[in-house]
Amino acid sequence: MILELDCGNSFIKWRVLDSGSASASAEGVVRSDLALIENLSALPRLLLTRCRLVSVRALEETSKLVEALHEAFGVTVSCAAPAREMAGVRNGYEDFERLGLDRWLAMLGGFKLARGACLVLDFGTAATADFIAADGEHLGGFICPGMPLMRNQLRTHTRKIRYDDAAAERALERLSPGRTTVEAVERGCTLMLRGFVLTQLELARSYWGDDFTVFLTGGDADLVVDAVPQAELVPDLVFVGLAMACPLS
């Protein structure tokens with residue numbers, strides 16, 4: 001069995017693949033290393049043989065997780081690393097090592113699936129957009145606050161904005177002007193994300209006309225999916241790239 005991990009700023013996304021299979025036999029999202037170990041330990045008949053991960057966390061944090069996995073399951077961990085070029089994609093950053101690994105792997109996965117020009121939109125703690133031309137050249141990208149950051153900034157810096165996650169979910173049942181604070185905040189932030197998406201689509205069309213593929217990924221991609229009907233929703237796009245960056249066969 002192969003354990004795959006995407007260690008983001010706020011969550012750890014994990015999945016277990018049966019050897020020789022590309023489909024997950026178990027998967028989940030947790031907030032801490034301890035919760036990850038507990039979730040995995042609770043799986044029946046778990047026999048991990050290999051592990052690969054991508055992390056945007058500090059090296060010390062990542063190293064502690066690698067050690068914990070080895071101690072708990074006796075597994076060696078392969079970690080994705082920055083590259084100037086891989087699988088036909090050329091990193092467009094002036095300093096290629098400064099490009100977030102999650103973005104890099106999503107681009108690798110997107111280019112593999114598209115087999116041509118693509119726009120990769122990822123909605124996590126931050127919202128990111130990356131443009132990959134048909135020849136594999138990464139033209140650059142954009143980063144802006146994602147839904148969690150926008151929501152938390154308003155909650156933190158505005159005294160009267162207080163509500164729970166259940167209220168937030170109910171508020172997003174429609175996008176008409178809000179008649180409560182929670183509706184106004186949640187719908188306003190969602191519309192900002194959609195505006196970000198539409199701007200990226202306009203720029204992509206200026207590059208490639210209609211000859212490109214749009215990929216949506218990340219935990220909040222469902223907030224914008226109906227605004228981009230031509231897009232492909234690929235929740236595990238980073239894992240597609242991770243398998244390319246850390247082949248285990």
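Start at 1 and count along the chain as shown; that gives each residue its number.
A Cβ is built for glycine as well, from the same backbone N, Cα and C atoms used for every other residue.
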Residue in Thr49, Thr76, Thr125 which Swiss-Prot records at the ATP site where Asp6, Cys7, Gly8, Asn9, Ser10, Phe11, Ile12, Lys13 also bind: Thr125
Neighbouring C-beta atoms (10 Å sphere around the C-beta of Ile12 (ATP binding site)): 21
Residue among recorded positions Tyr93, Asp102, Asp122, Thr181 with Cα closest to the Cα of Ile12 (ATP binding site): Asp102
